[in-house]
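Feature annotations, courtesy of TrEMBL:
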type	residues	note
COMPBIAS	863-873	compositional bias 'Acidic residues'
DOMAIN	663-729	domain 'CBS'
DOMAIN	760-817	domain 'CBS'
REGION	853-882	region 'Disordered'
TRANSMEM	131-151	transmembrane segment
TRANSMEM	219-241	transmembrane segment
TRANSMEM	261-282	transmembrane segment
TRANSMEM	289-306	transmembrane segment
TRANSMEM	318-342	transmembrane segment
TRANSMEM	391-413	transmembrane segment
TRANSMEM	433-452	transmembrane segment
TRANSMEM	504-525	transmembrane segment
TRANSMEM	537-558	transmembrane segment
TRANSMEM	578-603	transmembrane segment
Amino acid sequence: MEEEDAAADPYLPYDGGGDTIPLKEIPRRVIESNHMAAPVKQTLPPLRLARRGNQSARSNYAMSNGGGAASSSTHLLDFLEEPIPGVGTYDDFHTIDWVREKCKDRERHRKINSKKKESAWEFTKSLYDAWSGWLVVTLTGLASGALAGLIDIAADWMNDLKEGVCLSAMWFNHEQCCWTSNETTFAERDKCPQWKSWAELILGQAEGPGSYIMNYFMYIYWALSFAFLAVCLVKVFAPYACGSGIPEIKTILSGFIIRGYLGKWTLMIKTITLVLAVASGLSLGKEGPLVHVACCCGNIFSYLFPKYSKNEAKKREVLSAASAAGVSVAFGAPIGGVLFSLEEVSYYFPLKTLWRSFFAALVAAFVLRSINPFGNSRLVLFYVEYHTPWYLFELIPFILLGVFGGLWGAFFIRANIAWCRRRKSTRFGKYPVLEVILVAAITAVVAFPNPYTRQNTSELIKELFTDCGPLESSQLCQYRSQMNGSKAFTDNPNRPAGPGVYSAMWQLCLALIFKIIMTIFTFGLKVPSGLFIPSMAIGAIAGRIVGIAVEQLAYYHHDWFLFKEWCEVGADCITPGLYAMVGAAACLGGVTRMTVSLVVIVFELTGGLEYIVPLMAAVMTSKWVGDAFGREGIYEAHIRLNGYPFLDAKEEFTHTTLAREVMRPRRSDPPLAVLTQDDLTVEELQGIINETSYNGFPVIVSKESQRLVGFALRRDITIAIENARRKQEGIMLNSRVYFTQHAPTLPADSPRPLKLRSILDMSPFTVTDHTPMEIVVDIFRKLGLRQCLVTHNGIVLGIITKKNILEHLEELKQRTEPLAASWYYHKKRYPSSHGSNGKPRSRVHHVQLIRSFQDRGGGGGDGSEEEEVEEEEVRLLNGSNL
């Protein structure tokens, strides 16, 4: 019952179950025969694509066993004939064929170059085509920077709205409201007559228990209102706008099709709800979703240029550049954005994409700097600069922070995935609005009493990063003066901590526990939720605590051999803000397993090259510690949880299996369905399509020869028959279908044959049945294949799809790591060899691999039996064996 209820959840994405997206049924039409005196009306039965497995709504999100588009180094279409409209396109939740898309692009490029000297117009078109890539990334960068500035300004204003309002200008946040005031004090610089708290507006008093309770109530009210509005907008208008978006972006960039995920509605709702989610005070950030927003911009602008709108591989080059622009505006780190796109999200990253990503990040950062959303002439809120060098001894606490970051990352990944899996498997996942309201209520109730959890997370990171100086009024900087013991602010950071520092330490410890717990339950809610800022906040809190501890240790024990050589009494030795920065990088690295791009992003935040070595030491330590518990980062773990067909290039294949052990069909499955090149009729072809659910069919010479001719896609066959029905007369149910160049010899009274050679891939990728799977996996990764055929002496034995490889890798992983999370969660109701009615599928036009076992003599005195030897035979359609 739970499985049927979960089927109605619109948020459950592709689950890897093994079913196909049903194509639109071809309506029954009347075809007139021109071979008869009077028109004879016949009806083509509808081409119904059978489903397999679970018939719930989720079953429509899986790939079929037969794979998809054929990989080819030749042209897809026979250009001597008119191309068939719709051939070469992809269905939703299917994988693109990178090789075919690159071939299409090369053919388009050759065609443009051959015509550019014919006329000035053709030359202008060639220039437009050459510059279209730079134009689309420019538009993407402009839109990303503008939207990021808008989101930053709106989020800051709505976040301060929970505490009060500016009477002089409603559109000012708290800081902007007090800029022009002359009545602020150094200790209470955030208080001015223009800014009124809700208690002052409603009760008329600023202090006292009643004022505190009223502010507490209004804080919870606005937090719940923002969270409720955000989740309702996502649920009603754009379910794809929830979450971080980076796992889906990685999957899309690897070649997967998710229609609507980068559409205009998703962009609009994600922009609005991201502001609401951040303002609600939930333990999330806007940096991850900004990558999704930028990719939406890139996808929308790519449709303005046929070079990218008609080629899925070229479109993904634009999306790679867009992801770089997203990180550029999220952190104010253009170089880090380019490296993030290269290291973390991109699957195919040629050199020209590197240049365009750099340019897109530059344009986006320039636009954001022009908007100046934070009013500090910086690209980010927590830009800081340190002027104290670090010392060799400090590598020890830096490495300890890296260990903490790795442990936190491993714990968070396992805890968050376990909670998300429970959400998918129970009735609790059916009520996303209730879950968001519940989490927002707990967050607001617990966060308000603690000033470090009440404030915006970005402001918290800024305060933790900032070094203490004469202009800082934070509790973290309330040190005692060595002269009179009173609170003072001097230029010397190394002094005994005062009561304010100790109080802040306790509050930071409570904030650390609160952030750890709430981030686990918040990431994965049905609202836009990023992970960068919460992870950095957890690391910054831990780092600041460690930094203050080391600072006080150096002050009270300056005669220890650790400090005696380089930290004299009264010297400027320890910078606690630096420890917060290193801890933030370590925790973010432990969660995402980023290395190079993370170090560059963080050093661009601080503006100092001097601290790259501490950052590198902490980030690498966190990665090593995290990898000891599991090599997957949080984004790869969510990809696995959702069952997306993503082949991670970071994983190593070390097992000694062969292609014949992974290929389909297996012994328990029906044999492989194939087509003959000139023996089928339209009715027989439709019968094969109706009785199977594969996405493609190998084409062989004949039942007797069984030599491979090519590969034809199910979608292309369906479109071709529908196109012939509309445009050609005389196509009947008994019309001969042929895939050869010339029509076969037919009797004079035969109906008009149907030629389908234009949709046949004449050079599909093939491997022999003894090919090691290590090589097969590398081929799939490096060429981006959807499937390859397995042959034995030129005879087709089976097929290996991308999904088959993922299932095989999962089986091997479960053997070595029995406690690891499975690749797909939702189990298939029926095995792939059965139809939707639970009955075995019929076997037509097949090649079957059979196995015979031979016992080799047996037994010694201890009664043991020798290992059985497995032999293979290929059974031909005529009953003979090889």
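Each residue, glycine too, has its Cβ placed from N, Cα and C.
At the 8 Å Cβ threshold, with sequence separation of at least 6, the transmembrane segment (433-452) lacks contact with the transmembrane segment (131-151), having fewer than 3 such pairs.
In the domain 'CBS' (663-729), helix, strand and coil residues by DSSP number 24 helix, 19 strand, 24 coil. If one looks beyond the transmembrane segment (537-558) by at least 6 residues along the same chain, the residues whose Cβ comes under 8 Å of a Cβ in the stretch are 394, 397, 400-401, 404-405, 408, 452, 457, 460-461, 464-465, 476, 493-497, 501, 505, 508-509, 511-512, 515-516, 519, 564, 567-569, 573-588. Ranked by the number of CB pairs under 8 Å to the transmembrane segment (131-151), the listed stretches 219-241, 289-306, 391-413, 504-525 are led by 289-306. The average pLDDT the prediction assigns to the domain 'CBS' (663-729) is 85. Across the domain 'CBS' (760-817), the DSSP tally of helix, strand and coil residues reads 26 helix, 19 strand, 13 coil. Most Cβ pairs under 8 Å with the transmembrane segment (318-342) belong to 289-306, among the candidate stretches 219-241, 289-306, 578-603. Nonlocal intrachain contacts for the transmembrane segment (261-282), taken as residues 6+ away from its ends with a CB within less than 8 angstroms of a stretch CB, comprise 147, 150-151, 154-155, 158-159, 161-162, 219, 222-224, 226-227, 229-231, 233-234, 237-238, 240-241, 245, 248, 252, 289-290, 292-293, 295-300, 319, 439-440, 443-444, 447, 454, 456, 518, 522, 525, 527-529.
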